[in-house]
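J.: Copying in the features that TrEMBL gives for the protein in this structure:
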{"type": "TRANSMEM", "residues": "12-32", "note": "transmembrane segment"}
{"type": "TRANSMEM", "residues": "38-57", "note": "transmembrane segment"}
{"type": "TRANSMEM", "residues": "69-90", "note": "transmembrane segment"}
{"type": "TRANSMEM", "residues": "96-115", "note": "transmembrane segment"}
{"type": "TRANSMEM", "residues": "127-147", "note": "transmembrane segment"}
{"type": "TRANSMEM", "residues": "153-172", "note": "transmembrane segment"}
{"type": "TRANSMEM", "residues": "184-199", "note": "transmembrane segment"}
Amino acid sequence: MKSDFFIIRLNWVDGITLSGFVLANIAIYCAIHHAFNLALGWLFLSVLADAFDGVLARKFGTERNFGRYLDSFVDCAIYLAAPSFIWYQVGYSQPHHLLVILLFLSSGIIRLAVFNDVGNIKNTDKLSYWGLPVFWSVFLTAAYYSLANVVSTTVLNPILSIVLVIYSLLMLKNATFYKPENKSVMLVVIVTLSTYYFYQRIGVSV
């Protein structure tokens, strides 16, 4: 829908979607400055915005194709760019690591483009996705950072490489993956993790 002056009239749910983009960029900024606990705290807040913008759009009747396209572009920041910055800054930064990151980014972009084309798959017993969803990358990032505090990245990075290659292939695999439907559990998990990492930043030095 065009506005009188701008090319599109945004609604309040679009604002929630864009808040996820802003929060992901704050996470990237924190990662650049090695404030990794803060980065993860903000990143999980961006996941929260992404998890519920679609729910709210459907509930209040503001769902439209533009919102889905906007959401996918924002997903590139939340689930692809921000995790990649954190991995790199934590220590996943050798030339061959960058090749793996490029594979991950390329696969994620293709996966999101396919989602824009076909959306959720509804002809199964549950809502499902075609290809492994990108949102697991944030949980992978949290696990990598947490383990990097107790295990040398020399040991950890080869494991991350293997996981990312498998993840990239699964994002492109011609298979369906069920969509988590219990929003209450998602809310509790995401808020708990975000609070935990903010608390870690306050309680200990980064």
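Positions of Cβ are set from backbone N, Cα and C atoms, glycine also.
Automated prediction, rather than curation, is the source of TrEMBL annotations.
Note that this is a predicted model, so its numbers are computed, not measured.
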J.: With CB pairs under 8 Å as the measure, which of the listed stretches 12-32, 38-57, 69-90, 127-147, 153-172 comes out on top against the transmembrane segment (184-199)?
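T.: Comparing 12-32, 38-57, 69-90, 127-147, 153-172 against the transmembrane segment (184-199), the winner is 38-57.
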J.: Sort out the residues at least 6 away from either end of the transmembrane segment (127-147), same chain, that have Cβ-Cβ distances under 8 Å to it, and list them.
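T.: Hits for the transmembrane segment (127-147): 36, 40, 43-44, 47, 50, 75, 78-80, 82-83, 86-87, 90, 92, 104, 108, 111-112, 114-115, 118, 120-121, 156, 160, 163, 167, 170-179, 181, 193, 197.
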J.: Counting Cβ pairs closer than 8 Å, which of 12-32, 69-90, 96-115, 153-172 has the most of them with the transmembrane segment (38-57)?
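T.: Highest pair count goes to 12-32.
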